[in-house]
Every structure is written in C-alpha cells, then in structure tokens.
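Written below as structure tokens is the structure these notes are about.
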Ligand SMILES: Cc1cc2nc3c(=O)[nH]c(=O)nc-3n(C[C@H](O)[C@H](O)[C@H](O)COP(=O)(O)O)c2cc1C
Ligand code: FES
C-alpha cells in the first residue's frame, strides 16, 4: 500500500486538503496527516513515499490522484527540501513540522523529540537557565526580552507555587507561526514548557490559545493528554481566549486565565515575581518556548552561532499578505527585508509593484521599498522606527491607501483597547476622527463654545491641514508615552510611519494648494 | 423560553472539575451547549463561582466571543485584518454583505445567517479568509462569495 503525506494544518484544510486526503484514501493509499511545511502556494501538498524518499506534488486537487500516483502530474516538485523556498531555511524550531504525524509520540521520539528534556533533567535548574542565557534567545512574542534573564528572576523568587504560561494568543495579522507549530508539532511546545518548569521549579503550566484557532486547541489538548506521563509531575492545561486582542499582552492574559476581564496590569510587579494568582510566573511566547528543546539538545552554542548582532538564533518569519510565495520561513537573523519580500516571497501575488510592507502586526511600522536593505534584527528595526514583533510581514501592492491603513490602526486600537488607560481608549477614537478629517480635507472649525466672547485663549479660525497633521503627531506622542501597555503605546508606529513614508496619501499637497487658491 | 434548570445542570456538571479561574471555561461551556450565554444564567454563574453578578456580567461583555442572544443558524466570520485587506478583503466584505443580505456585524432578520468580523485567522498568506460555521475558507473571490451564500441558505 502506498503511503502519502498530506497536511491537516488549518491553512491546508482551508485550501481543500481534506477532500484530497479523502480521495487518496479512497484510492487505497495509507494517508498520514501531517503539519504543513509552510509554503501555501503549493498546498494542498501531497508527498508520496518511494524508495528514494518522499516525492512531493503540489498543489494537488481531489481529481489528481491517479496522475500523482503514476508520477505524471504536472506539479511534481521532488524532494521538498530541495524546493527553492526551503533550501536555505534553517529549521531549528520547525524541523519536524510538515514531516511527522503531529500527535504520534513514536514519530516525535524518532525525530529527536524529548532529547532536550532529557538533557535538562540531567542538569541543575541553574544550569538550564544558564544554557538558555548562553543561547542568546530573546522573547519571540514581540518585546525581545532575553528569555534566560526572565527565567532567572522566577528561579530566584521563592514561592510555594510557580507557573509556566505559554502565550499562544497570536493576534497579529500576518502571523501564524504559533498556530502552525501547535498544529504541526505540539510535543515540541510541551517539551519546551516542561524544560521551563524544571528550570524555574514550576509544577504547572497553562497554554492560552486564542479561540480563532480551533485546530490548534484540539491538537494541543490531545497532545497534552497523550504525553502526560512523559512530562509528569509537570502538568499542563489549555485555556481558550474569547476574541480579545489585548489578552495577548502578558498581564491581561494572566487576568484572563484568572477568570477576569482581560485588562492590563500596571508594572511593577513583574509577572516573574507576582504573576498568575500572584505567584512567580514565566510567561513566554510559543516560539520562545519551542526554541528551548533545540537549545538543550544541541547545545546553547549551536543556537547562538546563528544570527546577527544581539539577535541570536533563528526566527520563524511569516511572509503574508499580497505576496506570491507566502508562508513560514525560518532562518537566522540578518536576512534583509527586501530579500524576504522580493527574493523569497517573489513579490506581490497581484503582480503589481510592492508599495509598502507592515512588519510586526497591527502595532508594527509600514516600510516603503526604499528601506528594504534593513536586516532582520531587533536593533536595526528599532532604529528605523519600527519593530520586528512576532515577525509577520504583510505585503501591500500599489493599490493600498496608506491613510486608510493608518485609520485602520487607530480603529483597531479603539475596538481592542481594554479601556484601562485614557490615551489608548480615548486617543484611538480621536485618532480615527482626526484622520477622517485630514483625508476629507475638512479641518476642524472652531466650535460654538470657542467663539464665545468669554473664551479668549481658543483659536477662532478653522485649523489648517498642517495643524491637523501636527495634532495627529501630538496625539501619537501622547499615546506612545502615556499608554499603560504597547497597544496604545505602539499604535503610533503604523500611523506615523504611514504619515512619514507616504505623506501623499494624506492629501497634503492637494489640500494645501486648494487652501492657497 | 429560558431553560433555567438546564443551565443549572450544565453549571453543576462543570463545577465537578474543580477548576481554578473557571469563569471563562464555564462561559465557553455554556455557549457551546446553548449557543449563547443567557442573561438569566448570570446569577447562577455568580452563585456557583462565588462572584458578584457585576463581575460575571463584566466578563461576558468584555470579550467579543460571548453572545447574550441566540446565534443565527449560520455564522460567517470574515477576516478584516491587514493581510486580508492587502488581498482585496474590503471588496469581498462588500460583496458578501450584499449576497447574504446582511450588514457586517449583524444577523439577518430571518435568523438564517450572521456576518461577523474577525481579526485574523492565522491564514494570512491565502486571504481573504473566513470561517463558515467554523470551517475555514481561503482565497475568497466572487465565485466563492456566491458559494458561501448558497451554502448558508440551505
Ligand atoms: C496588545 C499586545 C498584544 C500582544 N500579543 C501577544 C501575542 O499575541 N503573543 C505573544 O506572545 N505576545 C504578545 N504580546 C507581548 C506580551 O506582552 C509579552 O511580551 C510576551 O508574551 C512575552 O513572551 P516572550 O518574552 O517569549 O516574547 C502582546 C503585547 C501587547 C501589548
Ligand atoms: S489577516 Fe486575515 S487571516 Fe490573518
């Protein structure tokens, strides 16, 4: 019986993988459902097991079974590792994703699973923390804080109870690496969390997964049940979010697990000292925790050897939006933005010129192609007025209206604000109104109150376009410095970068000329 | 008719698991079983978890997922986030809204279908995307809009 491998990743299923799998099963094949390799242009992908290894075909439809099985199908790729999208990747975290049956414990063992946990349990807690420090691993959730230092704080804080919390809220548009890992290699995350538990002395872990990820929730729950004895006495539980973006912020997430509204807590105290139910808590992104088994199994140095500047190791970069070869690209830091978008991504899917890319989700900056020389590195992006965030890149072609995208950023902040601080809650709403006026070239006139004789210090003239833009910058400044968390604090990144790099979309020239006429 | 006894039974069943921070999981369980969280359930939940009714109500109203009215028979959740926008999401939203005969964020009067916004489904390289009754659908174009509309009329 021929064995074929077909992904059951949510993206593959959305592209029709279930029907393809059924067709192969009906033709008498043994169908193994895997995670996705991560290039969606070739999904649904079918790999046929042969004496020379797996031979890939994709995209494949349910009517293509015979042609694939006799080798005549036109989309024959050959070995997936030789495909241009994959040859230069460095798959440290995603090594098994797409290859193995995600829930098979024997597959996991055969492909190097549990080696990191075995190595860790043979070491003292401090030695494990030291290894993570030496690897240079920084948090992959957005802020890039050194993971080992966070773990050290939790290890050093005495308590009767400590927790490991995995942030799987992945709300950023343009990102899907957490989802793919949880669906495609759930034991890797479980292993990473068990290592973290050993390293800081925590007995229990929670994985907080957004409700928009039903496949990942199911995969993680099943994987936890199957691997319970392997990670005992450490225990794990999945908690499901409820459609609040702000719950990705670590303290809002903790409140949400505790059963409260997902509101941001003031810091300090740090969660590492007073986290879940007031106990010392490691809270890390999925990718941070899933990088740890490799570090322990292969040695901190093998991880640290790869990278750029102070950004060590690999980053699972997600190339998304209007791009031809969208997908997951894991590679060492330092690759340039242009190479990712034009080289690997192959430019836009629409075939039109690239006009802008947003890096780091809804709180990330927009960059024009003139900045494509930027290396993928935390510091380089910060210097350029942006951020890497969770490493999602959203590509836009020349049909994009950047004032509209700036407005959307404010609107999104208004919808998702937890409401605790004023700059975020109110500032975002005022921001939407302000951008609407700027775009409509309808600057605000003085209100009835302002024109009353008693009011002496308010301007009686309507604002000019420039004054409205100035006010928008001022508002962004207030949000940036006055917000409690990065939701309000970083919304200025997309807004100001759109304004700085694409001023022509904000009606500047025209409005001024008309005003002068 | 509100099934108070049924809700209480569901709460009692849930409480056997003795979970810490049980409110969100309990709300999910109730919504799963009854399709929505009936406002009549609020005092029962408060009682079971030793919370105030205000706390329970505050949580229900904070999270976009929890609904306090029965859902339409079919729910189409269309992604409105940036990556889907970059692939023509706004035009698809307009078409879908027109085909289904319902505005974004609303249920149709006959209760057959609701069109809801969602901000990213993690399928960002193959948009515009939607969940049609929890089934993911990608690369939505005009033809697929029609197919979705036909599907939810059935
Ligand atoms: C509004 C907001 C949303 C966030 N969403 C996420 C998220 O979805 N996933 C995530 O890992 N971190 C998110 N973060 C960052 C977390 O607060 C935190 O930095 C992270 O979980 C720490 O883990 P790390 O050190 O492994 O990155 C978000 C932050 C903010 C302000
Ligand atoms: S932006 Fe629509 S799925 Fe991510």
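Each residue, glycine too, has its Cβ placed from N, Cα and C.
Taken from TrEMBL as is:
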BINDING   B:79, B:84, B:120, B:124  [2Fe-2S] cluster binding site
- Within 10 Å of the Cβ of residue B:120 ([2Fe-2S] cluster binding site), how many other Cβ atoms are there? 28
- For residue B:120 ([2Fe-2S] cluster binding site), just give me the three-state DSSP call. coil
- Neighbouring CB atoms within 10 angstroms of the CB of residue B:84 ([2Fe-2S] cluster binding site), all protein chains considered, total 33
- Here the 10 Å Cβ neighbour count for residue B:124 ([2Fe-2S] cluster binding site) comes out at 32
- Message: With every protein chain in view, what's the tally of Cβ atoms within 10 Å of the Cβ of residue B:79 ([2Fe-2S] cluster binding site), excluding that atom itself?
- Response: 29
